[in-house]
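*Asks:* Encoded as structure tokens, here's the structure I'll be asking about.
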Amino acid sequence: MQIFVKTLTGKTITLEVEPSDTIENVKAKIQDKEGIPPDQQRLIFAGKQLEDGRTLSDYNIQKESTLHLVLRLRGGAKKRKKKSYTTPKKNKHKRKKVKLAVLKYYKVDENGKIHRLRRECPADECGAGVFMASHFDRHYCGKCCLTYCFNKPEDK
């Protein structure tokens, strides 16, 4: 019977084979026609790679079937060494969770009146509820970097 073998270049070659022929025999016939060594050949039929020890009838290859020939690639990517670091990995900063933190920002006097202890940032991008840090000489917003400095009275 006659089968077709399509190579990578798109060229189709015809082979005269028997259903009892092994895949090794087919590869040897391809070597005679194309000069490609059998150990570099991979034959594909119906999406499956054909194994050397089996016959054409095992794969249900009939007359005028087309096999696809691809070349076997040896090896793979170069192995890379695992990096070893001399210094330990730096820990990511974790914010401290303070329970009832809002109590730091307000104070209730004996009359029940609420006073703000910290200044709220007036910038539009910060919005309500963003307080400025109180330093000895300034108020500073950590979100928008707005700073208000205090005037120091000059000593004479």
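Using the three backbone atoms N, Cα and C, a Cβ is placed for every residue, glycine included.
Pulled from Swiss-Prot, these are the listed features:
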type     : residues : note
DOMAIN   : 1-76     : domain 'Ubiquitin-like'
CROSSLNK : Lys6     : ubiquitin cross-link
CROSSLNK : Lys11    : ubiquitin cross-link
CROSSLNK : Lys27    : ubiquitin cross-link
CROSSLNK : Lys29    : ubiquitin cross-link
CROSSLNK : Lys33    : ubiquitin cross-link
CROSSLNK : Lys48    : ubiquitin cross-link
SITE     : Arg54    : site 'Interacts with activating enzyme'
CROSSLNK : Lys63    : ubiquitin cross-link
SITE     : His68    : site 'Essential for function'
SITE     : Arg72    : site 'Interacts with activating enzyme'
REGION   : 75-95    : region 'Disordered'
ZN_FING  : 121-144  : zinc finger
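Help me picture where these features are in the structure shown.
*Replies:* Cβ neighbours of Lys6 (ubiquitin cross-link) (same chain, under 8 Å, six or more residues apart in sequence): Thr12, Thr66, Leu67, His68, Leu69.
The Cβ neighbour count for Lys11 (ubiquitin cross-link), using a 10 Å radius over every protein chain in view, is 10.
Lys27 (ubiquitin cross-link): 22 other CB atoms within 10 A of its CB, across all protein chains.
Contacts of Lys29 (ubiquitin cross-link) defined by a Cβ separation under 8 A and a same-chain sequence distance of 6+ are given as Leu15, Val17, in order along the sequence.
For Lys33 (ubiquitin cross-link), applying a Cβ distance below 8 Å and a minimum sequence separation of six or more within one chain yields Ile13, Leu15.
In the three-state DSSP assignment, the secondary structure recorded for Lys48 (ubiquitin cross-link) is strand.
Annotation note: Arg54 (site 'Interacts with activating enzyme') sits in a coil segment as assigned by DSSP.
A sphere of 10 angstroms centred on the C-beta of Lys63 (ubiquitin cross-link) encloses 9 other C-beta atoms. Secondary structure at Lys63 (ubiquitin cross-link), as computed by DSSP, is coil.
Taken residue by residue with DSSP, His68 (site 'Essential for function') is part of a strand.
Same-chain residues at least 6 positions away in sequence with a Cβ under 8 Å from that of Arg72 (site 'Interacts with activating enzyme') are, in sequence order, Asp39, Gln40, Gln41, Arg42.
Here the region 'Disordered' (75-95) has no long-range neighbours, meaning no same-chain residue at least 6 beyond its ends has a C-beta under 8 angstroms from one of its own.
For the zinc finger (121-144), the predicted model reports an average pLDDT of 88.
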*Asks:* For Lys48 (ubiquitin cross-link), identify the closest of the recorded positions Lys11, Lys27, Arg54, Lys63, judging by Cα separation.
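*Replies:* Going through Lys11, Lys27, Arg54, Lys63 one by one, the closest to Lys48 (ubiquitin cross-link) is Arg54.
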*Asks:* Work out how many Å separate Lys11 (ubiquitin cross-link) and Lys27 (ubiquitin cross-link) at their Cα atoms, rounded off.
*Replies:* 16
*Asks:* Going by DSSP, is Lys6 (ubiquitin cross-link) part of a helix, a strand, or coil?
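*Replies:* Assignment for Lys6 (ubiquitin cross-link) reads strand.
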*Asks:* Counting only other Cβ atoms and using a 10 Å cut-off, which of the recorded positions Lys48, Arg54, His68 scores lowest?
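*Replies:* Counting other Cβ atoms within 10 Å of each of the recorded positions Lys48, Arg54, His68 gives the minimum at Lys48.
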